[in-house]
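Notes follow the structure.
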Amino acid sequence: MKNCEYQQIDARALGTPASSFQPCTEMKVPRLRRKWEVFPGKNRFYCDGRIILARQSGILPLTLGLIVVTSVLFFAFDCPFLVTHLTVCIPVIGGVLFLFVVISLLQTSLTDPGILPRALPDEAADIEKQIYTSGSSMYRPPPRTKEILINQQVVKLKYCFTCKMFRPPRTSHCSLCDNCVERFDHHCPWVGNCVGKRNYRFFYSFIVSLSFHTSFIFGCVVTHLTLRSQGGNGLVQLVICFFSIWSVLGLSGFHTYLVASNLTTNEDIKGSWSSKRGAEDSGNPYTYNSIFINCCATLCGPMPPSLIDRRGFLPPDDIPPVAAADLELSSFLAKNDTNMVGMPSSGHTS
């Protein structure tokens, strides 16, 4: 009988580099990218997109530091004396107010304020087509505004050239964050974020609780100094609270007026619904004509969902494909692995 033996063909005989015959490697699969990684606005994201901050958030540590330092000095130097001579409830009240202030500050700073996603290319092209179709003159560009009716009052919607869309009512584009924010109030550097529809309630609770906390510390320090009849370490807290209490109380009072009127800081500064503009129907179309209902609508309504979906994955079409050269090389290596052929050689057996 003849025994067939098989040998591997020498790569040099075929003119093919020997290095081509390598184990098949898996095709490179592109990593799925989340939307926050390609977010067009000027924001910073942390914890895989769970936390959002403005790019210019350098004053936020200063705000948090002033609150923490003032509270630590109060608990360290004033509370022991006041507990001994007055009541043990003082540090308890101070601790509750301190926690409420810090939690409200962090919620304001780390919450999406109500950013609107920018128009997709197809949506932007459709809007541009509608704008130029509605234009009546060929020599003058068509107006980039729309008029809608809210509570029998005409409200103009302005076109955002950055986001490529008509801004919804009460929406404004923040130049610092480079985003359109729904129910935009203002950009607050002290909290390191815009204040808008989704975090205004946290901002209001922050400034109100800070007013109570500052007033409480100020009163306790004055009481401490009065009972001891000497300066001591309480002067540090006294100076900080004295210069803080008036600005914080004034800010709280101003925003209480805005909440009761269902206005925003942006609308109040611009005088959007002020009678100074001379229009007879210049009243606020968003008010419910009731202070209680205005407060409930602003502070106690359901939390609207975030619209930017920053932790969502990009569609496969938006993920950059693997380079064509890599794909060709992978297929070439896969084919070479199958080119293991045998050459018969004759032999004799006894």
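Glycine is treated like the rest: Cβ placed from N, Cα and C.
TrEMBL labels come from automatic prediction, so no person has curated them.
When averaged over the domain 'Palmitoyltransferase DHHC' (156-270), pLDDT in the model lands at 86. As annotated by TrEMBL, domain 'Palmitoyltransferase DHHC' applies to 156-270.
Non-local neighbours of the transmembrane segment (59-77) in the same chain are 53, 91, 94-95, 98, 101-102, 105, 109, 189-192, 210, 213, 217, 220-221, 232-234, 236-237, 240-241, 244; each lies 6+ residues outside the stretch with a CB under 8 Å from one of its CB atoms. Among the features that TrEMBL reports, transmembrane segment is placed at 59-77 (among others).
Same-chain residues lying 6+ beyond the ends of the transmembrane segment (83-106) with a Cβ under 8 Å from its Cβ atoms: 63-64, 67-68, 71, 74-75, 191, 202-203, 205-206, 209-210, 212-213, 216-217, 220, 223, 227. Annotation source TrEMBL lists transmembrane segment at 83-106 (among others).
Per TrEMBL, transmembrane segment is recorded for 202-225 (among others).
Note on the transmembrane segment (237-260): residues 66, 70, 73-74, 77-78, 203-204, 207-208, 210-211, 214-215, 217-218, 221-222, 225, 268, 291, 294-295, 298-299 of its chain, located 6 or more positions outside it, place their CB under 8 angstroms from a CB of the stretch. TrEMBL lists 237-260 (among others) with the feature transmembrane segment.
For the domain 'Palmitoyltransferase DHHC' (156-270), the number of residues in each DSSP class (helix H, G, I; strand E, B; coil) is 63 helix, 19 strand, 33 coil.
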